[in-house]
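**Student:** Mind having a look at this structure? Questions to follow.
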Amino acid sequence: MADINHDGPKADGSQMRERPSAKPLHLYNSEDAKKKVLELNQEEEDNKHEEKRKTFGRTPDGTVFIVPQTHDMVSQLLSPSQPKNLSDLAILAVLASLIFTLYICPTSARKPVFAAIFLFWRAAYNAGIGWLLEGQSKHNRLVLWAKNSHIFENPETGNNPHPTIYKLIKREMETKIPKDYKFEEAPLEYNTWLVFRRVVDLILMCDFVSYCLFAIACFNRPPESWLLFGLRWTTGIVLFIFNVFVKLDAHRVVKDFAWYCYHVLFISIVAHAAQFAFLTLVEEPHIQKIYNPPPPRRMRQNSEKFNPEDRPATAHSDATYTDTGVIYDSVRQPAPMHHIVGLQNTDFHRSIDVTVVLLCFYMFCLATVTPNTIAVRLFLFVHAFVWRLWYALGLGYILDRQSKKKNWTRHFIKHGDTKEEAWRQWKSLYHLSMTMCHASFGAAVWKMYELPSDWFLGLTLLRHVLGAGLLLLQLWTSTSIYDSLGEFGWFCGDFFFDPPSSNLTYSGIYRFLNNPERVLGLAGVWGLALITWNPPIFYLAATAHILNLAFLQFVERPHMQRLYGRKLRAESGVSKTLRQAMPSPVRNWQSAADDYVNSTVEFIEDLLEHARPKLAAGYETIVKDTTALFKTYPARISITRVPQDLAGLDPKQYKLEIEGTPSAPTVEIQKHGGREGELARTPATRTSEFKTLTFEYGAPIRVRWQAPVNHHKKDWIGLYMVTDNQSREVTRISSNGRWVATNKGVYDSTRAEDGILVSDRLVSVNSDEDEGGDCYTGEVEFRGDKLWWTTGVFEFRYHHGGKHHVMALSQAFEIRIARFDEDDVEVDANGTVHRAVEQALLPVIQNCFDRDPEIAPSTPEESFGSLVERDGKFAKRVVFAVHQMFGIEFAPEVVQADGNARNLAWRICNAKKILAPYSMSASRGRNTPTSR
């Protein structure tokens with residue numbers, strides 16, 4: 001971003017020590033700006049009273065500025081002490097029109113009218129604002145729009161085509177922020193945010209007011225007892241006050257009903273679902289991107305010699321080891337190679353998965369086929385109760401002994417197995433127990449549930465709605481826990497291995513709650529109890545909850561304290577926020593109550609510790625379900641008709657030339673493998689200098705373009721498979737993000753400019769094919785997500801004016817991966833091809849990791865970057881390449897688990913040796929395995 005004040009101070013050493021004035025301070029880079037902001041904010045906190053303190057912020061380009069004080073939207077609109085501007089009056093007018101609509105609307109039409117109005121504003125909030133924020137998060141779209149439209153530039157420069165709008169926005173913003181703010185000097189990003197905020201204020205206020213008006217429209221007085229009436233109104237008012245608190249404190253919308261009406265309830269559920277989708281699809285990915293970036297690459301010491309003990313541990317390691325490699329420390333977290341949890345990880349080649357599916361099928365048959373008699377109900381109740389006891393007490397006892405004496409691991413080592421085998425067997429046992437615990441409970445619920453004859457009798461419908469909501473809450477909680485902990489934490493891995501880090505990271509749901517499974521983890525159990533409304537099911541739910549609390553208190557909590565000590569967080573994020581909002585007397589009373597409860601718990605712990613030899617007690621662990629995967633949405637360019645502004649443009653003046661990393665010579669040789677007829681076995685004779693272009697898989701490709709001087713600034717170049725387009729004049733398929741603009745600053749997306757190297761360089765053209773004159777040339781680079789990660793024949797297409805009319809085609813080129821031929825490489829000192837596999841694999845892995853120095857290894861023993869574990873696309877690229885090169889298919893988790901090229905090369909050699917007896921080639925092994 002260009003400097004806002006060109007005459008301002010320059011970023012030298014002295015400037016870093018000076019305090020900036022109200023004008024922004026332009027530093028060289030973001031890191032210098034970050035240090036400067038921390039320094040200035042700390043100085044303000046140390047030397048000034050709270051009312052006189054100023055807050056300093058920074059922009060991505062390194063601009064440091066004073067962040068003016070702003071107020072929440074309710075105070076801005078309704079507080080008489082806050083200055084009002086035209087936008088405030090407009091928002092108040094819209095709110096008044098909503099109230100007036102309720103007044104004049106007929107009673108019979110109020111419900112549908114205000115339901116539609118509320119759903120409109122809710123869609124504007126979750127879909128509209130969500131779309132804007134997603135574009136800003138991924139493509140910086142709002143800031144680019146402001147920059148390209150020049151809407152915030154001073155009209156005196158002659159660049160602003162809308163001086164009236166500029167003056168209006170300037171007056172609005174400076175009226176609203178009278179102190180520490182000047183519109184002309186504020187960074188572009190801050191001014192863009194201020195305008196965006198006014199739009200958000202309008203939508204949020206209309207969303208809230210229209211909801212309240214809809215609730216008023218649905219107001220009624222059902223026939224009920226005064227006790228139920230008072231309880232209902234008290235609960236509703238408390239929830240409403242809490243909603244206002246959350247709205248003012250955190251600017252979020254949490255709405256619940258204060259009147260007994262299913263219309264309000266159902267529309268509240270729709271609103272909550274929309275809000276949840278907004279948080280999941282828009283807010284959470286942005287939070288992870290900004291505040292939880294991948295940690296720096298794990299570095300290891302290089303060594304020249306590698307011991308056999310360092311090889312990756314597998315079930316076949318002792319029998320089939322062929323070479324050496326550096327792997328993980330045996331005392332640390334094991335490599336997660338084949339996950340168990342979730343339907344997407346079900347593998348019927350694994351005995352535990354077959355066992356779980358068969359047992360679940362038996363439970364389904366037991367619940368649906370057997371007669372609904374008292375004896376069958378009693379059997380299913382006892383069956384579910386026994387599984388719950390085993391799941392809580394049995395597994396709890398095993399974990400307690402493992403925590404204190406490592407009994408589980410010692411048992412397997414005693415019989416000649418490894419700690420990795422003990423871990424695998426524990427995961428299978430835990431997974432089976434958890435599944436059967438839930439399946440047996442579900443079977444009991446199915447047998448004891450009776451379909452209501454009248455859904456509107458009493459609380460029947462409400463019970464079913466709340467029960468379904470609690471089920472969804474548990475599913476979401478389990479998914480969030482699994483996303484935060486992974487399978488290592490899901491299966492209590494820190495009971496069996498030292499944790500990867502001595503520091504706890506509170507991410508995902510743990511940012512808000514210390515132990516979400518304490519209450520939310522069993523929400524679905526209570527939901528089913530509400531739906532069935534049966535005493536035995538309530539008894540099972542209460543038993544499950546008590547055992548769960550006991551497990552957390554007496555098994556998990558002591559173990560976590562032994563591992564992390566004082567690093568455990570004493571207060572969750574939600575508790576801290578609510579505590580700060582309470583009055584001082586209430587906070588003091590809560591502290592005293594907490595001390596009393598803690599002392600009581602310690603007394604009970606001591607009592608149980610002395611009685612432990614007599615108690616074989618263990619307790620329940622976390623309840624979770626399948627995990628959900630975030631989807632990314634590639635950019636799309638719509639297919640439109642041929643534009644009308646092509647007159648005067650000659651396609652012959654457009655040209656594309658490509659340059660990439662050529663594939664290995666063996667690729668051309670492997671095309672002719674003796675499979676052809678006799679005449680086709682010799683290389684074809686060429687009558688021209690034309691050569692087939694074959695590039696490496698995943699290597700960046702540069703495209704040099706030429707266009708006339710009057711070419712459209714929104715021209716763009718896309719990458720396509722040759723077979724995907726029938727027409728050579730118009731492209732009729734979307735690029736799916738594989739495109740680069742020819743010029744900067746014409747698209748409201750940073751992704752469009754990613755890859756531009758040179759734009760509109762004026763050159764003279766004098767050749768036999770082109771008439772004399774000038775033209776523009778440029779150069780773009782396709783790499784990473786803008787490439788096709790498969791093999792095939794491709795081409796680049798130059799398109800006109802943001803549309804899909806083709807002006808030029810590049811030469812078609814092929815992406816191929818050379819097969820690794822063991823007969824053409826030299827063996828190492830140990831008589832293996834491990835080193836040759838490493839050398840062949842390393843450049844392929846570097847290409848698969850976008851040649852990014854933060855994640856791509858420079859040597860075979862260097863670890864992959866942390867982003868490889870977070871984003872599965874990198875491992876999938878490597879898996880595809882390995883399959884093409886060596887004919888061996890791995891799961892992506894194997895690449896993530898191995899962690900470097902040397903381990904992966906060892907695994908490839910090991911797999912080839914294991915599979916050699918099954919090869920149909922005589923040179924690779926026997927056709928049928930034989931015993932000696």
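For all residues, glycine too, the Cβ spot is worked out from N, Cα and C.
Feature annotation from Swiss-Prot assigns topological domain 'Lumenal' to 1-88, 134-198, 247-261, 450-454, 540-932. What Swiss-Prot records for 1-21, 29-38, 301-313 is compositional bias 'Basic and acidic residues'. The feature region 'Disordered' is assigned by Swiss-Prot to 1-61, 292-317. Residues annotated as transmembrane segment in Swiss-Prot, with sequence analysis given as evidence: 89-109, 113-133, 199-219, 226-246, 262-282, 356-376, 378-398, 429-449, 455-475, 519-539. Residues or ranges marked as topological domain 'Cytoplasmic' in Swiss-Prot (evidence: sequence analysis): 220-225, 283-355, 399-428, 476-518.
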**Student:** Give the one range among 199-219, 226-246, 262-282 whose Cβ atoms make the most pairs under 8 Å with those of the transmembrane segment (113-133).
**Tutor:** 199-219
**Student:** What is the three-state DSSP composition of the compositional bias 'Basic and acidic residues' (29-38), stated as helix, strand and coil residue counts?
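**Tutor:** For that range the per-state counts are 9 helix, 0 strand, 1 coil.
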**Student:** Where, among 199-219, 226-246, 356-376, 378-398, 455-475, do we find the most CB pairs under 8 A to the transmembrane segment (429-449)?
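**Tutor:** Answer, by Cβ pair count: 378-398.
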**Student:** Please report, as numbers and ranges, the same-chain residues at least 6 past the borders of the transmembrane segment (519-539) whose CB is under 8 Å from any CB of it.
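**Tutor:** Sequence-remote neighbours of the transmembrane segment (519-539) are 377, 381, 441-442, 444-445, 448-449, 463-464, 466-471, 473-475, 477-478, 481, 513, 545, 548, 622-624.
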**Student:** Which numbers of helix, strand and coil residues does DSSP report for the topological domain 'Lumenal' (450-454)?
**Tutor:** 0 helix, 0 strand, 5 coil
**Student:** For the topological domain 'Lumenal' (450-454), what is the mean per-residue pLDDT, to the nearest integer?
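**Tutor:** Reported value for the topological domain 'Lumenal' (450-454) is a mean pLDDT of 87.
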**Student:** For the topological domain 'Lumenal' (450-454), what are the same-chain contacts with Cβ under 8 Å, counting residues 6+ beyond its ends?
**Tutor:** 460
